[in-house]
Every structure is written in structure tokens, then in C-alpha cells.
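Listed in TrEMBL for this protein:
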BINDING   A:Thr148, A:Lys170, A:Thr181, A:Glu261, A:Asn380, A:Ser385  substrate binding site
ACT_SITE  A:Thr181  active site, nucleophile
2 protein chains.
Amino acid sequence: MSVTAPAGFEAAGVAAGLKSTGKPDVAVVVNRGPLKAGAAVFTSNRAKANPILWSQEAIKGGVIEAVVLNSGGANCFTGAFGFQTTHQTAERAAELLGVGAVGIQVCSTGLIGTGDDVFRAKVLDGTAKAIASLSVGGGDDAARAIMTTDTVPKTAVHRGGGWSIGGMAKGAGMLAPGLATMLVVLTTDAVLDAAAADAHLRSATNVSFDRLDSDGCMSTNDQVTLLVSGASGVTPDPEEFASALAAVCSDLARQLQADAEGASHAIAIEVVGAASEQDAVEVGRSVARNNLFKAAIFGNDPNWGRVLAAIGTTSAEFDPYQVDVSMNGVRVCSAGGPDRPREEVDLAPRDTHVLIDLHAGEATATILTNDLTHDYVHENSAYSS
Amino acid sequence: MSVTAPAGFEAAGVAAGLKSTGKPDVAVVVNRGPLKAGAAVFTSNRAKANPILWSQEAIKGGVIEAVVLNSGGANCFTGAFGFQTTHQTAERAAELLGVGAVGIQVCSTGLIGTGDDVFRAKVLDGTAKAIASLSVGGGDDAARAIMTTDTVPKTAVHRGGGWSIGGMAKGAGMLAPGLATMLVVLTTDAVLDAAAADAHLRSATNVSFDRLDSDGCMSTNDQVTLLVSGASGVTPDPEEFASALAAVCSDLARQLQADAEGASHAIAIEVVGAASEQDAVEVGRSVARNNLFKAAIFGNDPNWGRVLAAIGTTSAEFDPYQVDVSMNGVRVCSAGGPDRPREEVDLAPRDTHVLIDLHAGEATATILTNDLTHDYVHENSAYSS
């Protein structure tokens with residue numbers, strides 16, 4: 001179902017020869033309306049891929065007619081030629097769909113620094129082929145066509161009162177959204193204008209994708225796009241819609257974390273007792289990015305000293321001698337000193353819960369990350385690329 | 001020679017049973033004067049070990065009579081008991097040396113979160129044993145006693161005009177000084193007061209240890225200490241001394257980098273054309289901390305896209321479409337696009353040079369780091385601890 005679960009959307013995923021494996025590599029999601037509202041959030045990396053440069057400008061009118069996505073090449077640092085490739089992709093799609101080019105969002109993922117005229121021709125042909133294959137049942141094909149090192153497609157659907165939200169995502173490495181690459185397309189048939197779509201999307205991504213930090217490496221190509229068809233005719237309660245959109249985003253974020261390259265643990269770092277939500281996020285992210293902590297979890301070692309050492313590098317409000325740390329329910333550190341013996345902690349399960357109480361306030365946040373494993377190193381060294 | 005190369009110093013390294021292997025684990029370096037000036041810089045981690053808490057206070061008078069160092073236990077997050085252990089260590093050393101306790105700097109390294117009464121008794125006995133073994137030839141024994149996962153002791157000596165500088169260092173992981181642990185002791189027989197020693201030490205560490213970032217993980221126990229005996233009777237030219245001290249620190253920093261846990265490449269990231277030195281350091285450190293870049297170098301893959309993606313996360317002044325990147329002398333990226341084919345780059349040698357030209361100014365800085373390898377993961381997971 002994926003992005004075609006809500007009414008008013010068609011999608012397709014086709015093989016255009018960008019992937020040497022011959023697997024599907026171009027996807028198109030089209031909004032058939034009646035509304036054509038949309039919103040998008042983009043990587044905060046200052047080195048941005050050509051499709052990001054295009055899409056950031058194109059979204060300014062708040063209208064999205066369609067999203068064209070390709071795997072098999074990030075089209076990043078490919079110069080003026082690469083930007084023209086993106087622009088021509090938007091124009092080809094617009095022409096075939098009978099709409100304006102600024103209504104077309106373009107997303108790319110794959111290796112940075114490649115994108116010649118062969119690449120361009122395949123993307124353009126693939127776009128035409130996908131548009132010729134559009135259907136209301138095409139959501140799953142689209143979700144497969146955006147996969148890179150992903151081992152499974154990621155999709156989610158939420159059904160509200162007369163309206164629904166659909167979504168698809170890809171991303172398995174360079175996962176620290178805020179950067180081989182996270183792409184998400186969300187669709188809804190609820191009635192929303194572009195401003196409301198934008199506000200809801202920013203709120204939802206702030207507590208979901210922005211709190212996923214698998215390997216601390218921010219992509220040049222990340223984009224999360226929300227398309228609003230309004231085809232249900234139902235205007236949802238804003239709080240209910242916000243909550244549903246956040247739930248769909250969190251579901252997709254957890255699917256990304258579960259399929260992260262080489263990972264053997266999916267780690268949720270829950271920070272409580274923080275003076276502010278910003279402090280809680282900073283502390284969680286600092287632990288999530290500490291290679292020594294991540295290697296310890298791979299080794300099933302509840303090394304809470306590395307957690308405290310990471311917390312100590314932040315600017316968050318805390319007293320080291322007040323901090324408690326629990327791992328999978330066992331409080332190994334209380335008040336900055338040893339508590340239960342580390343032997344009591346069972347880190348064998350893939351799902352790992354680290355609870356940090358700063359005792360500095362009431363704010364909380366949870367950061368999702370992964371462990372640092374031999375397979376992560378293997379997949380990201382030249383052996384595999 | 002090490003720390004006993006300059007006149008006016010004695011040292012010793014002994015086995016006190018802190019290491020299960022029975023290897024030396026307590027070192028003492030004593031300043032016999034006539035000056036007893038000293039300076040020290042400490043980890044900027046806000047979670048600080050007990051010896052750091054003690055030494056930061058003790059140094060305030062600018063006097064260092066001796067440094068007591070132990071491996072086999074970081075004495076960090078061991079509560080009030082742990083602080084008392086450090087305090088008793090200083091008092092024991094002071095009593096045996098016939099000096100005041102505030103003249104004693106204490107440094108510890110090893111696992112965080114352990115340090116019971118058995119640990120305390122071994123440290124105190126080892127301190128007495130080391131003091132009983134002090135000699136003007138004890139520098140090399142001291143350098144071996146502070147090793148943890150280090151495979152070789154690190155020492156350096158500089159001989160000036162009538163004066164000299166000696167040094168020893170340990171550290172193989174948690175190497176991002178600014179954190180399991182970097183300890184350095186430097187000695188000189190030049191005539192300097194405490195204020196001059198402090199100024200010279202801060203300048204030297206700023207361009208040496210502060211630019212070593214092996215794994216992005218800052219220790220709770222880092223300390224670099226300079227002891228001044230003045231025994232040469234020679235007051236050096238300040239610029240000559242500053243330059244010599246920086247050279248000794250850089251030499252020791254490169255020895256730390258060369259022995260970093262599990263590394264197969266020693267990478268120098270040279271940033272040129274920066275708008276400010278701060279920008280150059282920020283860009284170099286961002287690349288040095290990017291796991292995808294580090295894994296690529298392990299795989300001998302000159303993946304310059306990951307370099308640019310890392311630069312893009314900084315606040316440094318640059319235009320992505322002006323940046324050049326060379327690896328081991330081959331310019332693989334110019335003006336933010338592909339230049340020479342990546343096949344021309346030979347990454348087989350351990351020493352790796354990455355040159356980044358931001359084309360934004362005249363400032364430069366070089367950050368030293370290591371690659372991310374299977375052995376790094378292995379050594380830092382529970383298999384080895």
C-alpha cells in the first residue's frame with residue numbers, strides 16, 4: 001500500500017539500468033488532487049545534492065504535483081551538468097503529466113560525485129517509463145525502487161476518521177538526518193493547506209527522523225516530502241492529524257534503524273530528567289555518536305563509563321554525581337557511581353534500551369541509534385563499494 | 001631517557017598489581033629543583049575523573065614537586081571514596097618526599113567506574129615502592145608503567161642551548177584530547193616561572209594534542225603536565241622554547257596516533273585556504289570524526305564525496321563548489337566536482353595525506369586521525385575488556 005494507501009495518489013517503481021543489479025531504481029509518486037498541497041524538509045548539510053537544490057526552490061509555492069526519485073546515483077557534487085540533469089528530470093515529468101515543472105520534487109540517492117550523460121539518459125528514460133506505469137496500487141513498487149543498501153522496503157499506513165496517511169522510506173547508512181541517504185515520501189488524503197502541511201511535517205520530523213542517528217554521518221541528499229491530495233474531503237482535527245503523522249514518521253524511523261547497515265543492536269537512548277528537551281536531545285545524540293559506547297554494545301558490554309564520558313562532552317545542564325544510567329532495565333550506575341553489577345545486564349537482544357536520568361529537570365527525549373560492528377566497517381569500506 | 005633527560009628530575013616505574021598481567025602500573029616523576037614550577041592542562045570533558053578534580057586544584061599555586069601516575073584503573077565515577085584514594089595518594093607521596101600535598105599531581109588511567117579498597121591499597125603501596133626506586137635513569141621505566149593498550153612506550157627529548165625538554169605519553173583509545181586516556185608528562189631544566197610554563201604549555205598543546213582526534217571520544221582523565229626544574233640555570237629565548245616544546249608535543253602526538261587501537265592508517269587531514277584557523281580546525285575535525293570516511297580509508301577507497309559531506313556539516317566559511325580535495329597527492333575533486341580518477345590514488349601506505357583547500361582565506365590547520373577498522377571494533381567491544 002505505502003504511499004498509495006490514501007485516496008488521490010498513484011505511484012510506480014521501474015528498472016532504468018541505474019543499478020548494476022538490474023533492480024528497480026526509479027520511482028514516481030503523483031498527486032491526483034483535488035488539492036495539490038505539499039511540504040518538504042531537507043538535509044541541513046551545507047553540501048547539498050543537486051536534487052535538494054532544485055526541490056528547495058520548487059517547494060516554495062507550496063504545491064507538489066509529483067515526486068520523482070532515483071536510487072543508483074546521488075547526483076551530488078556533479079556540478080552544473082548534474083543540476084541540469086535534475087532540472088531536465090523535473091521538466092520531463094512535468095511535460096508528461098501536463099503540469100508545471102515547479103510542481104515536481106526530485107530526490108536522488110547513491111554514490112556522491114558521479115552522474116554523467118549516461119546517468120542522465122537513464123534517469124530521464126526511467127522517469128518516462130515510471131509515469132507510463134502509474135497506478136493506484138503502485139506504492140509497494142515505488143518503495144522497492146528507492147532502496148539502496150536497504151534489505152527491505154519500509155512503508156507505513158495510518159487510517160484516521162475518514163482520512164489516511166501513507167508513507168515510504170529508504171536509508172541504511174549515512175543515517176543522521178538533519179545525510180547514502182534517507183528519502184521519505186508521505187501522502188495524505190486529508191484536507192490541509194500547504195502551511196498546515198508544512199507545520200505538521202516539521203513537528204513530526206522533529207520528534208522522529210531528527211532523533212534517528214545511526215552513524216553520526218549526515219547525508220547530502222536527505223529529504224522528507226509530504227503530499228496532500230485532500231481526496232477524502234475530510235478536514236482532520238489538527239491534534240489528531242499531528243499525532244498520526246508523528247506516529248507514521250516514528251514507525252518509518254524505527255524501520256530505518258532496524259535495517260541500518262551492519263548493525264546488530266537497535267539502541268533506544270532515553271534521556272529523562274533533563275532541564276530542557278534540547279538538553280535531552282544533545283545528551284542522547286552525544287552518546288549515540290560515541291564509537292566506544294557503540295562498540296561496547298556490539299560486544300554486549302554494558303560499559304556505562306563510556307556513557308558518562310560522552311555525556312561529559314555536552315553543554316547540557318547536569319551534575320556528573322547525580323546521573324543514573326540503566327541498561328535493559330538494570331541500573332548499573334546511580335549518582336555517578338557503580339550500582340548493580342554489570343553481569344546482571346543482558347545485552348543479547350537486538351533491541352537495547354539505555355535510560356539516562358540527569359536529575360536536572362523534567363524534559364525527556366529518545367534518540368535511536370545502532371551499534372558499531374565489524375559488518376558496519378565491512379559494508380562501508382571499499383570491499384563493498 | 002624520557003622525562004629524566006633534563007637535569008633535576010628522577011623517575012621510577014613499578015608493578016603494584018593493578019594490571020592483571022603483572023606489568024608495571026605505577027610511575028612517579030619527581031622534580032628535584034631548584035625551581036619547582038609547573039603547569040598542566042586537563043580534559044575539557046565535564047565528567048572528570050577524581051585525579052583530575054584533585055590535580056586541577058593542586059596546580060593553582062604553580063608548584064609541582066612530583067607527579068604520581070597509575071594505569072590499571074581510571075578512578076573515575078568512583079564517588080567520594082575514589083576522591084579520597086587520590087587525596088591519600090598525594091598525601092602518601094608528599095609525606096615520603098617531605099613536601100606539601102598540594103605539590104603532588106595525580107594521574108590515573110584504565111577502566112571507568114572501578115576503584116575499591118583493594119585498588120586503593122595497591123596504588124598507595126605502589127606509590128611508596130616507586131618513590132623508593134627513584135633514579136635519574138628512571139624515565140624509561142616510568143614511560144612503560146603508564147601504558148594501557150599502548151603497544152610501545154612513547155618518549156621524546158629535545159636538547160636546546162644549555163637546556164632540554166623531556167616527555168612521555170600514553171594513550172591508544174578515547175583519543176580526542178580536549179578524553180581511556182591520554183597522559184603526558186613533560187619536564188625541562190630551563191629556567192621558567194609558573195606563568196611562563198603555563199603559557200608555553202597551552203600554546204604547545206593547542207597545536208599538537210588538541211589536533212589529534214583518533215576516535216572522537218574525549219576521555220575523563222586526560223592531563224598534560226609540565227614540570228620545570230630550572231636545573232640548567234639557563235633562561236631560554238621564549239620563542240625558541242615555545243617552538244621546542246611544540247615540537248616535543250607534536251612528536252608525542254604522532255607517536256600516539258601511530259599506536260592508536262586497531263588503526264591501519266595514520267591520516268593527516270591538512271586544511272588550507274580557510275577563512276580562519278578555527279574554521280580549518282573545525283573542518284579537519286569534522287572529517288576526522290566521520291565514520292564513513294574513516295571506513296573508506298580502511299578499505300583504501302578515496303571516497304571524496306564523504307569528505308565533502310562531512311565538511312558540509314560545519315559552520316566554516318566555504319562554497320561547496322569551490323572546494324578541492326587531494327588524497328596522497330592526487331586531486332580527486334576540484335571545485336566541488338570530480339577531477340582525477342579515484343583509481344590513481346594509492347592508499348596502501350599507512351601514512352595517508354588528505355589535503356582540503358576551502359578557497360576561503362589563508363588559514364591552515366592539520367588534524368591527525370586514524371581509520372575505522374575491524375580491529376578498532378574488536379578491541380573496543382567486550383571481546384577485549
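Glycine residues also receive a Cβ, built from the backbone N, Cα and C atoms like all the rest.
All TrEMBL annotations are machine predictions without curation.
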Query = Counting other Cβ atoms within 10 Å of each Cβ, which of the binding-site residues A:Thr148, A:Lys170, A:Glu261, A:Asn380 scores lowest?
reply = A:Thr148
Remark   = A:Asn380 (substrate binding site), DSSP three-state class -> helix
Task = Filter the binding-site residues A:Thr148, A:Lys170, A:Glu261, A:Asn380: retain a residue only if its CB is under 8 A from a CB of chain B. Output in sequence order; output 'none' if empty.
result = A:Asn380
